[in-house]
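Annotated features, as they stand in Swiss-Prot:
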DOMAIN    7-237  domain 'ABC transporter'
BINDING   G39, P40, S41, G42, C43, G44, K45, T46  ATP binding site
Amino acid sequence: MSNNDFLVLKNVTKAFGKAVVIDNLDLSIKRGTMVTLLGPSGCGKTTVLRLVAGLESPTSGQIFIDGEDVTKSSIQNRDICIVFQSYALFPHMSIGDNVGYGLKMQGVSKEERAKRVKEALELVDLAGFEDRYVDQISGGQQQRVALARALVLKPKVLLFDEPLSNLDANLRRSMREKIRELQQRLGITSLYVTHDQTEAFAVSDEVIVMHKGKIMQKAPAKELYLRPNSLFLANFMGESSIFQGTLQQDQVTVNGYQFKLNNAAQFGLTDGACLVGIRPEAISFKETGEAAQRCSIKSAVYMGNHWEIVANWGGQDLLVNTNPEQFNPELKEAYVHLAEHGVFLLKPE
């Protein structure tokens, strides 16, 4: 545990009966950063959040906040706040009373509460909403009230449990921008849970991908996407086409087509058989090329800002996303050209 590790889970296991849902997990979050737990349903991400909050107790292992062992501490003694998916607002209270409820429970004076509630509502762009009620504001505004209620307490750690799931696409975008802006401005150490990759990438300093109670990879979003460390990660983090290939120094061969991959060393593989992952945006079609680059177009769907294409290359499907101006939907055959930035290598599995 380094001096800058603010939230730490050490060898944490959680079992419900014989079912192990968190398996000897080690996790550390630096002070003032936002880390997202991302994974499919049932991977254990929400259980980790509940363990950090004190809503569940680990079967074994320890949890530290700011150097203090809080494994056996109640949620009230952890200096943590949670922003829930359901907002969890009191409909019979005004917005001001909802935001100030935690302060009231802490015995903060009425005058100080009013001041801090005003400041919190200004932070989430709801200045002057103190006297309104829950049924008088929109879903997006309700989520901002829930965020203000957490921020007003100035917690050591802020937890987000899929907070944007109930919002439509446009509101999700604006709310994730607001959450990220406030987290960076206030420097609150934060743990965020979602199953939405776009959301995770937008709000996080680092993303932790979980599967079956284990951490598969922890890295900034760009590294996760461009350098996944397993076939599971490659398939989970966006679309890709996976081919059997070979590596010889910086030369990669797929379907008989050999090309140079200048960044091959970063994948840590030895020469020989490998898996070659190709992101759909890394592929372009040309009218000329080697015989090994030739492919046939199976389908093409216009998606507005790009064409979504499935090509047959060497008897295997190749997924391609290309600019509308750079693709002719009448095309039947073409030659595959690869951009290095969207190619990654994996050990054979």
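Here the Cβ of each residue, glycine as well, is placed from N, Cα and C on the backbone.
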Please list, in sequence order, the residues in the chain of S41 (ATP binding site) that are at least six apart in sequence and whose C-beta is under 8 Å away from its C-beta. H195
Compute the mean position of the Cβ atoms of G39, P40, S41, G42, C43, G44, K45, T46, which form the recorded ATP site, and then list in sequence order the other residues of that chain whose Cβ is within 8 Å of it. H195, M210, H211
Cβ density check for C43 (ATP binding site), other Cβ within 10 Å (all protein chains) comes to 23
When the number of other CB atoms within 10 A of each residue's CB is tallied over all shown chains, which of the binding-site residues G39, P40, G42, G44 has the maximum? G39
